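Q: The structure's right below; bear with me while I get my questions together.
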């Protein structure tokens, strides 16, 4: 930001330039501030919504004193505060004058698209008063014109849906490379119930049960003897190969749709032998996929 401090800027106590990042997210109502905030949270930012501009200095001071706790701080500010928003320009100038480093992301969209979004939600515009939605939009655009001119980044969301905006924010503010898909790969026993949060459920009870082999009964699918028994079965390795191949295009679609988490549940009768061995192999294979992290869990192993 390069706004010169005005003569009547609010007084702020000097603070050390923070090592934390401070991003101010603002712009037109209906342009996607909430979606942008959610995307930033997914990227690891700490997001504060609807903060009165006058409190920015206090929050920036806190971030500068605890950068380990708040390394990336995003603040969403809009015109819902109405009278409080009138001091926005002066507040930003005072922040800069006091040594606080920050950047501003301004979201906007065409009048026609904003009207259609409000009509779809059946909600009034915050500046509409007794007039039309378009009256509120035009009043807000006039109120924000100076802030838009000084923003570091202006993002036009006219042609965006939720997923496109999420991807755009990720492209702009991800500091760790491409967004990673986080997978939980879990074994379970059907007799204890299917995991409620599973996106995919596989049934490996087609494999002969090691439970009926006395030497294998006390062991688990993590033991080499059980694993060898399971994968000696015709179709076990083919199942893993095809299951993993089926998941790969699904994960590509998840990234396109900005879905960052998925749970894969693989079950047998008790969740001790077959599902554990198969889950271990599926997790090993999936962990080699690009832009994927795998959390391996055996929900029911040891439960019997």
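Cβ coordinates are placed from backbone N, Cα and C, and glycine is handled just like the others.
The ATP binding site feature in Swiss-Prot is assigned to 27, 28, 29, 30, 31, 32, 33, 34. Per Swiss-Prot, the feature GTP binding site maps to 78, 79, 80, 81.
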Q: Relative to the Cβ of residue 33 (ATP binding site), which residues of the same chain, six or more apart in sequence, are found under 8 Å away?
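A: 25, 26, 27, 76, 78, 107 - these are the non-local Cβ neighbours of residue 33 (ATP binding site), listed in sequence order.
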Q: List the binding-site residues among 28, 29, 30 whose C-alpha is within 10 Å of the C-alpha of residue 79 (GTP binding site), in sequence order, or say none.
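A: Final answer, ordered: 28, 29.
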Q: DSSP secondary structure for residue 27 (ATP binding site), reduced to helix/strand/coil, please.
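A: Its secondary structure by DSSP: strand.
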Q: With a 10 Å radius around each C-beta, find which of these binding-site residues (29, 34) has the fewest other C-beta atoms nearby.
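A: Result for the binding-site residues 29, 34: minimum number of other Cβ atoms within 10 Å at 34.
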Q: Measure from the Cβ of residue 79 (GTP binding site) and count the other Cβ atoms within 10 Å, all protein chains considered.
A: 21
Q: DSSP on residue 32 (ATP binding site), three-state: which is it?
A: coil
Q: Who sits close to residue 31 (ATP binding site): which same-chain residues at least 6 apart have their Cβ under 8 Å from its Cβ?
A: 107, 108, 109, 114, 157
Q: Report the residues of the chain - excluding 27, 28, 29, 30, 31, 32, 33, 34 - with C-beta within 8 Å of the mean position of the site's C-beta atoms, for the recorded ATP site, in sequence order.
A: 78, 107, 108, 109, 157
Q: Near residue 32 (ATP binding site), which residues of its chain come within a Cβ-Cβ distance under 8 Å, counting only those 6 or more away in sequence?
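A: Correct list: 107, 109, 157, 160, 162, 165.
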